[in-house]
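Student: Under the heading S-adenosyl-L-methionine binding site, TrEMBL lists A:THR901, A:ASP937, A:ASP967, A:ALA968. Residues or ranges marked as coiled coil in TrEMBL: A:136-165. If you look up TrEMBL, you'll see A:460-484, A:504-522, A:585-603, A:623-640, A:675-692, A:794-815 marked as transmembrane segment.
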Amino acid sequence: MKLFEDLPPMDHLRSEDMSLVQIIIPVESAHRAVSYLGELGLLQLKDVRNPNPVDLIVFAFDSHRGSCSVFWLVTPATKMETKRFLLNEDKSPFQRTFVNQVKRCGEMSRKLRFFGDQISKAGITASPCPASQQVIDLEELEVRSSEHEAELLEMNANSEKLRQTYNELLEFKLVLLKAGGFLVAAQNHAVPPETELVENIYSKKDDESVFLLEQSVQPESSSKAGLRFISGIICKSKELTFERMLFRATRGNMFFNQAPAGEQVMDPVSGEMVEKTVFVVFFSGEQAKNKILKICQAFGASCYPVPEENSKQMQLTREVSLRLSDLEATLDAGNRHRNKALASIASQLWNWIIMVKKEKGVYDTLNMLNFDVTKKCLVGEGWCPTFAKPQIKEALEHATIHSNSQVGIIFHDMDSFESPPTYFRTNRFTHAFQEIVDAYGVARYQEANPAVYSVITFPFLFAVMFGDWGHGLCLLLGSLILILHEKKLGSQKLGSFMEMAFGGRYVVLLMALFSIYCGLIYNEFFSVPFHIFGTSAYKCRDSSCSDAHTTGLIKYRDPYPFGVDPRWRGSRSELPFLNSVKMKMSILLGVSQMNLGILLSYFDAKFHGSSLDIRYQFMPQMIFLNSLFGYLALLIVIKWCTGSQADLYHVMIYMFLEPTGDLGENQLFWGQKELQILLLLMAIVAVPWMLFPKPFILRKLHTERFQGRTYGILGTSEMDLDHDPDSARRQHHEDFNFSEVFVHQMIHSIEFVLGAVSNTASYLRLWALSLAHSELSTVFYEKLLLLAWGYDSVIIRIAGLAVFAFATAFILLMMETLSAFLHALRLHWVEFMGKFYHGFKEVREEEKSKLVGNVFSSVASNYDLMNDLMSIGLHRLWKDRLVTKLCPFPGMKHLDVAGGTGDIAFRVLESIRSVSHRAMQDGLAETEEQTQIYICDINPNMLNIGKKRAIERGFAEDRYLHWVEGDAEALGFEDESMDGYTIGFGIRNVTHIEKALAEAYRVLKRGGRFLCLELSHVEFPVFKQLYDYYSFSVIPAVGELVAGDRESYEYLVESIRRFPNQDAFGRMIVEAGFQKVEYENLVGGVVAIHSGLKL
Amino acid sequence: MGFLMTTIIFFVVGVVASVLVRLCCNRGPSTNLYVIASIPTLSWLLGVSWAFGKGLCSKFSIHSFLRMEIHGILYLIFWFHLTLIITATICSWMMWAIVYLAQLKPLIVPILSEGE
């Protein structure tokens, strides 16, 4: 085929042609040249100081989003090189030339961040006005920002002081008003003679508080009886415990009166507005006073003196009010001044931030250049796409002219033995698709790029699973909104979810369009069929239509012209028919896509001139796949066209078991048996064909080359196409390791042969997901909307509509989209790209978090994120509930099993602390010292996560926490040593639940409490189905994407199913010896808390 | 509408979309006419007349004409936008064809459920 010899280059299929270039810049124009190059973003400089090729860098300014992204193109790097690079890293920054400038930029960006914080706190939204900005240079900015910072800090300090005074006065005023109110009200009541009152008090022992109050508030009598009072203000949330504490501390010899403050007061610690309560405590004696004052201090209650006399009170109130209004005016003026200053900063801040970021990027890059011997020039090397050379040259010329340099910048090509980095020119449309591919692995230099086809096949396969034109229209609407507001959204900071949706807006657009198309094919609009393309092809057998319910309708004309006949909807044979169609469709689509993948491997081999790969890899692979599954696809089409009743699975199975056997009624066409034998033989031959020749030929080539006989072969690059991911090999052909090559080829072949079966089966997920989607939308439509519509009440109808809309939006449009997206992703990554695409898989892990959208990288570890994602954040509430049930007390010895991450232990500790804080008595503080919390986990990694988190939360110094590695079935603790035992989401994973329960019983003291938080069984009918769907399709998919570990999460879901239900597990606890066993279902039984006591 | 008819419609839609995308996303006047001329259905007349004209002034052979023509088509296919259109058309057609063929001679027929 000569025609294929000189094919034109296919757009986007290969990465750009790269050239290694050297630039020599005179010092005076270096800064400008580098910043111009940065604006261009087309040159990737190598760090010359560091000889290893890993640290390649390109920086590109994105003035729209105000980010200066320093992104890394990927080049082959062996692990050793990476290590060396890391060793050098700690030394190099100090030897760099422009360290000081980088530091200055860092300092400035800190100041700018501070301004940003202040501005957002003050709630100022001044849009940056790029037109009116005056141009200032970096030095000026530095001076200005320091000035602004000093000014702001001073203003903040002043206003902070004023604010504190103001708050105190405000509280005082409230106390005066309320407490004064008590006193006045009491004075008016005081009529009866005193002696009787005194008798009353002592006979009724403080219970009759009204009398005591009356007694105490009378100035004369109170002084006689030694009664005094303290008034103050306290947080409403602390008030109850405060009162209890006071009562205990004074042994009941006090009277507490309180009233809500009426308005919110700022809390001095948190700075938030909180509800407060004004209180007045009456007591007698100096000792009690001291105690009460101490307690007030401990609870953060502020005490204010209230004069007993009414007139003094009035006077004081007046004074306070006066000062308050004065202060308010001062504060307002201060705030106005500050806001003005901030607003003036805010209008410039955006530009400043960008400027500093650019500046820092420039100096970082300059640091990578090297001084030449004369110290007058900077020398740098780097990669650039060949097409960009004129642009770069032009930019460099501009830099020379603008910086009035006498000497021009030298820019010239260099020879390179290294493999160039990969660079794809993408636009806003292709960018997201390229990222999908890059997330799997960044292509090697000029490797066939799957994104060319993924742009269409990805949304298409998504739509096969998501086909419903109603839902498709909703998606289309969403994506159109994103695209129409592209400019606006593109220039502002978005939340993580919006960021992701915005980044993939064109992917969503195509997904929506294909969903509409597939929805029309499936004939589903929110699961309702329409007769858009004419009437059905089926009708009743006779006019009476009597047997339509038994034998069914009859087909009377050509099939429905477009899509599924609407007659099928709601019929009894709908499911068998759709299942059969969709299953076969999945296989047909799968076989086609896999063939495309193998075909691309042909073009790749062709491009790299590797005839070996074509002959001994592409050809046998093609033959193997098509003689088995291509044949299956053919059988499917023949069966449909002929209407034969043959059992295809039977045919396929007996093709292997008994190739020569008679096909009988399963015969679809003449000569089928012979063809099958031939295909089978071809498939069998294909396996050794892909396994053996290639390594042997490689060895032969190598020995020939080594002996120096045939230099001619040296030109081919077959040697290192498949086996040498690192470029080092290119120069060292000597270390050819036959066994390594052979094993690699063997793995590759076995992978392909087994993969052919499992990948074809994997495409059946198209059928499963599509079925799930259509069933779910049918359930929502029939069981929600139609049911509600059946009632005659408007309210029920509206409620039904609302629930239907909610369910459609959240479950079908969000969960289902996510799930179908992930499955389409898998089909592309594994089934399609696995056939031809190598990429740099080494970088995959680190790159992934960067490329998939930085969404997940901010979270500390995947574990946290998975928990939050899977339980929608509920697991925190569940754990809180567990600890509430435990009722921890100071001095307790607690054991938390399978709690390596410390979630429960931290909560227990916090709970104990708040209890002992409440109980400020001396005795309890001592008992708190005896608190011991043991965290036992079988997995040391989990314990490490927990320890790390303990440090983050400030528990590092804590002597109460003990991390123990151990098995729940054989605890290393003494008998009867624990007051509490909790196990959260752990008992499910224990091999012998009974043993674990027996151990729990053993280590607990009498009276000790056993608590178990575990995922359990949902009983609610509709909720159960939703939950099942969620756990079987969403959780594993999310697990695969986030934690990169599908199997673990599939196991998780399985183990939930196997776990005994609430009652059965309760019985097991009873059998272990516990008493008062009970359980509480949370979220309808998604989780249950079992509790028991050892008595 | 039979299988063949709809398939032709798909084909025509694909070609029209290709032409539209060619006209909308123009890559430059130099290749434009030549590439449009290479789109199979439209091209024939243009291509023949162009080749004929060319043949008048230089040596003309069927072989060089075909080669030019096929090369033009390949060139066209390898242009990214058209790769997309062609892939999309093939996917859509496959989807339709599968569902159509599956209903051509169905082994089971709709049996109405009791409610209807």
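Including glycine, each Cβ sits where the backbone N, Cα and C put it.
TrEMBL does not curate its annotations; it predicts them automatically.
Can you walk me through where each of these features ends up in the structure?
Tutor: Counting only residues at least six positions away in the same chain, the Cβ atoms of A:ILE938 sit under 8 Å from the Cβ of A:ASP967 (S-adenosyl-L-methionine binding site).
Residues of the same chain lying 6 or more positions beyond the ends of the transmembrane segment (A:504-522) and with a Cβ under 8 Å from any Cβ of it are 428-429, 432-433, 436, 455-456, 458-460, 462-464, 466-473, 475-476, 478-480, 482-483, 486, 532, 562-564, 770, 774, 817, 821.
Within its own chain, the transmembrane segment (A:585-603) has Cβ neighbours under 8 Å at 13, 448, 450, 453, 457, 461, 464, 613-614, 617-618, 621-622, 625-626, 629-630, 632-633, 636-637, 756, 759-760, 762-767, 827, 831-837, counting only residues six or more beyond its boundaries.
Listed as Cβ neighbours of the transmembrane segment (A:623-640) (distance under 8 Å, sequence separation of 6 or more from its ends, same chain) are residues 584, 587-588, 590-592, 594-595, 598, 646, 648, 651-652, 668-669, 675-676, 679-680, 682-683, 685-687, 689-690, 752-753, 756, 760.
Remote same-chain residues near the transmembrane segment (A:794-815) are listed as 468, 471, 474-475, 526, 773, 776-777, 780-781, 784-785, 787-788, 1026, 1030, 1034 (criterion: CB distance under 8 Å, separation of at least six residues from the stretch ends).
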Student: Name the residues of the same chain, 6+ apart in sequence, whose Cβ is under 8 Å from the Cβ of A:ASP937 (S-adenosyl-L-methionine binding site)?
Tutor: A:VAL897, A:ALA898, A:GLY899, A:GLY900, A:LEU943, A:GLY946, A:VAL964, A:GLU965, A:GLY966
Student: So if I exclude everything within five residues of the ends of the transmembrane segment (A:460-484), which remaining residues of that chain have a CB under 8 angstroms from its CBs? That is, six or more out.
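Tutor: Cβ under 8 Å, 6 or more out: 501-502, 505-506, 508-509, 511-522, 524-528, 585-586, 589, 593, 765-766, 769-770, 773-774, 777, 808-809, 812-813, 816-817, 820-821, 823-824, 827-828.
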Student: What does DSSP assign A:THR901 (S-adenosyl-L-methionine binding site), in three states?
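Tutor: Reduced to three states, the DSSP call for A:THR901 (S-adenosyl-L-methionine binding site) is coil.
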Student: Find, among the binding-site residues listed as A:THR901, A:ALA968, the one whose Cβ has the highest number of other Cβ atoms within 10 Å in the structure shown.
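Tutor: Counting every other Cβ within 10 Å of each candidate, the maximum falls on A:THR901.
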Student: Limited to the coiled coil (A:136-165), I'd like the whole-number average of pLDDT.
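Tutor: That region's mean pLDDT is 85.
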